[in-house]
Structures are given as C-alpha cells and as structure tokens.
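Reading through the structure tokens given below for one structure.
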Amino acid sequence: MKSKWRIPHPATMFFLFTLAVIFLSWIFDIYGLRVQLPQTGAEIRVQSLLSPEGIRWMLRNAITNFTGFAPLGMVLTAMFGIGVAQHSGFIDACIRQGVKNRRNTKKIILWVIILGLLSNIVGDAGYIILLPIAATLFYSVGLNPVAGIITAYVSVSCGYSANVMLSTMDPLIARTTQEAAIDSGVYQGNTGPLCNYYFMSVSTFIIGAIIYRITCKQLIPSLGEYEGMQISEVYKQLSRKERRAMTMAIVVGMIYASIILWATFSSWGILRGVNGGLIRSPFIMGILFLLSLGAAIMGMVYGFSSGRYRTDGDVIEGLAKPMKLLSGYLVIAFFAAQMFACLEYSHLDKCVAIIGANLLSSVQAGPLWTLILFILFTATINLIMVSATAKWAFMAFIFVPVFARMGIEPDMTQCAFRIGDSATNAITPFMFYMPLVLTYMQQYDKQATYGSLLKYTWRYSVYILIGWTMLLFIWYLTGLPLGL
C-alpha cells in the first residue's frame, strides 16, 4: 500500500510531535498562557519543558513515562491470550468452520463492523483484540487484510459512543453532566447513564451503514488485492478430531463465561464493586485480562485435544510468539509515551481546549446552530485531546449551564459532545492506540505510516460526522426523547 502522503515512520512521527510539544510549551510559557478550570476555579498555566525544572522532569520520568503508558500493559496482556488461541490453531479452526467460501465477504464485513460498534461494552478491548482478528477474517475470504484492520479500527473508534447496550463510558460521562447541571442549578433529572440511549441506539445503525458502504465502495477497491495473498487452507474441512477439539474448547469457554457472569451478576458476585455497582468494579477493571484468560484457556483446550499441544512448552511458545511481532510496537510506544506525557505535563492541550471552549460559549447563535458549532468544536479539539472523560470534565462545566440558558437541556448537550468526540477518533494521531494500529498494519505492509491510515480513514470521519449531525438535527426538530 504505497501512499503519496509523505509521513515518516510512526516512531519518528511521535518523536517529532514530542519536539513540537517541547517547543510550543516554551513559547506559550514565555507569554504566560494560563486558564482557569471551570469546575474548580483553579488556575493552570503552560509549563515549559525547556525550563530547568522541565528538563529535570523529562530526565527523571523518561522510563516511568514508558512503563506507565496505559495501552502498553493492556496490549501485552491481551496478546498472551490471543497468541495461545492463534498458535494452537483454535482461531484458524473457528474461521475454517465459519467461512465456507469466498462468497461470504459481505457477511464478514458486516460482522467486523458490528463487533467493532459493540466493542465499547468492554472498554478499549476492541482496539487490541478485534483488529488482528479482522485482518485474518478479511484474508480468509480473499480481501486485503489491511482493509480488515482499517474497517475494524474505524468501527471501534468512530462508533465509540454509539451502542445498543450500556457501555463503560455512559455512566462516567453522565455523572459529569449531572455534576455540571447540579452545580449550575440547571439540573432537570435527565442525566442518567441511559439519557442518550434511544439516540445512540439509532446512531449505531446509521454509523454501521456508513462504514459498510465506504468499505465496500471505496476502501476495498482502493487497496486492491493483497500482494502477499497465498492460497489458503481456510476452505479445507475440519477433521473429526479438529471438530471435537473445537467443540470441547467452545464448551469450556462457555463454562468459563458462565462462571464470570455468575461471579459478577449474582447476589454472591465477588466481581462487583464494594457498593454493589459495576463502575470501577473488578469485572470492569479486569475485563481485558478476563477476555485474554478465556482465549488462552480455549486455545489450550483445543491445542491439547487436537494434538497440536503435548507439553507446557508448547503453551509457552504460544505465549511468546506475539511478543516477537510486537517488537516494533514497543519502539513506537516508547516515543508515543514520551509525547503523551510531555503533553500532559505542559498542560498545552487543556489550555487550548479551555480557551476554545470559552470563545465558543460566547458566540451568539440560535440553539440548533450552536449545537452544530459545538459538535464541530468538539471534533476539532478531539484531534489533540482524545480522552472523552478528560475533555468533558471541564467542557461540561462550561457548556451545560450556557446551553441551558438557551433552552438546550443537559442531555442534548451531552449528546452533541459525544458525536464530536467520536467522529474524529479515527483520524487523530494522538489516539492512544495509534502505535498498535500501525504495528498491525505493518505486519502486512512494511511501509505503512500514519499517512497510509489517514488516506483512508478521513472519509469515514467526515461522512460519519455529517450523517450523525444530520441525525441530531432531525431529532432536535422532531422533539423525540433522547433516552430514558
């Protein structure tokens, strides 16, 4: 996949971003850029990374920035389970059983999109687990595996706010909205976790349709056939021994899932929070490890039942195999970790976002056009500050009271925020999982860069932003309830 978008290697790109953050922090510190946090009134100012204290901070924290990079541990943990499931032949057997012939291409594309849109139920696991599986599925039906990675990535990232089920993000965002509404005296009792449920449920189908059309009509034809495509044994029927091994693995997996669900939702549930809730409970906080463990268990059952595994050494080999493929990811992640840490230390992203939010809140326009401007502003800020909870932590205290005075209810303000927050996830270089996405792509295309990805993902973001905003436009005019 050759791209005319001349962008350096991902590791070099993040290194250059780090230099840019250092330089900008120095400039803005000279001019004394400072803002007030709307929720507390506390003052924050840009901290220079070229000051004596900034230089000392970079030297002291270079290693901890890397080891504390949140996606790093999550990626390594997830890849242990995926590695065993793949090395044992379990994933291959499932694909061979599920994909009978190449006429299943449309079904495969749909399943990848659906799983991507639903993946926010388990947080960020979709970025780590679904992307390599999507590549394998696309390859199995004769499609370019890079198209599978891009389709899955767009589905997970751009559809992060949309779901037909309650996601891990819904209670967190709603709680901040409620706090901002109560603090400003505009609370109207419509800011629960399900306050946007109806709208987001419909949005799931709209976004899915947009992604499916762009993938089929533009992405797959543009990428063409994968140059490394070989005749696959995916259509070779499973032997009796393999079918029995796969059945045993699935049964064990169902038993494992039942135990986890019982330990979470029963009256004796030890995986619930201390107060009995699910927010920040052991189940939610450990969901990625539980998924990885489940994949490893099913992989081991299949491996030993099929004869692929005979000793514990075979299992260890399966655990170690993904680590060899992730060597490039570790290099990219090191530079990405430094960039994200420097950005957080300097407060550049917060200062720029708060200044922009204050400017937008002073714009005089009608409620509907104000909402559209708010969506566009959020989509723009999301390019440099990707954490939804971090953005909403201060934006809610600015926009919820201002919009309430215009007759816009808090749940509508939150809904508009989530549209802008999700639509541009696929094109921001500051996405925490960008190093992993590029690493997955480089397994099939050694020349893949951020430019290669952006060349295809910008269409998704633009069309999803337009379609999603139009849906809110219609929803607002018809006066339909946003949720429960």
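Backbone N, Cα and C define each Cβ position, glycine as well.
Owing to the predicted nature of the structure, the values given are computational and were not obtained by experimental measurement.
For reference, TrEMBL has these:
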type	residues	note
TRANSMEM	12-33	transmembrane segment
TRANSMEM	66-87	transmembrane segment
TRANSMEM	108-135	transmembrane segment
TRANSMEM	245-271	transmembrane segment
TRANSMEM	283-304	transmembrane segment
TRANSMEM	325-346	transmembrane segment
TRANSMEM	366-385	transmembrane segment
TRANSMEM	392-408	transmembrane segment
TRANSMEM	423-440	transmembrane segment
TRANSMEM	460-478	transmembrane segment
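Counted over residue pairs 6 or more apart, the CB atoms of the transmembrane segment (366-385) and the transmembrane segment (245-271) come under 8 Å in fewer than three pairs, which marks the two as apart. Between the transmembrane segment (108-135) and the transmembrane segment (12-33) there are fewer than 3 Cβ pairs closer than 8 Å, counting only pairs 6 or more residues apart in sequence, which means the two stretches are not in contact.
Note on the transmembrane segment (423-440): residues 10, 13-14, 17, 70-71, 75, 124, 127-128, 131-132, 135, 149, 153-154, 157-158, 160, 325-326, 328-329, 332-333, 336, 340, 343, 379-380, 382-386, 448-450, 453-454, 457-458, 460-461, 464-465, 468 of its chain, located 6 or more positions outside it, place their CB under 8 angstroms from a CB of the stretch. Ranked by number of Cβ pairs under 8 Å to the transmembrane segment (12-33), the listed stretches 66-87, 325-346, 392-408 are led by 325-346.
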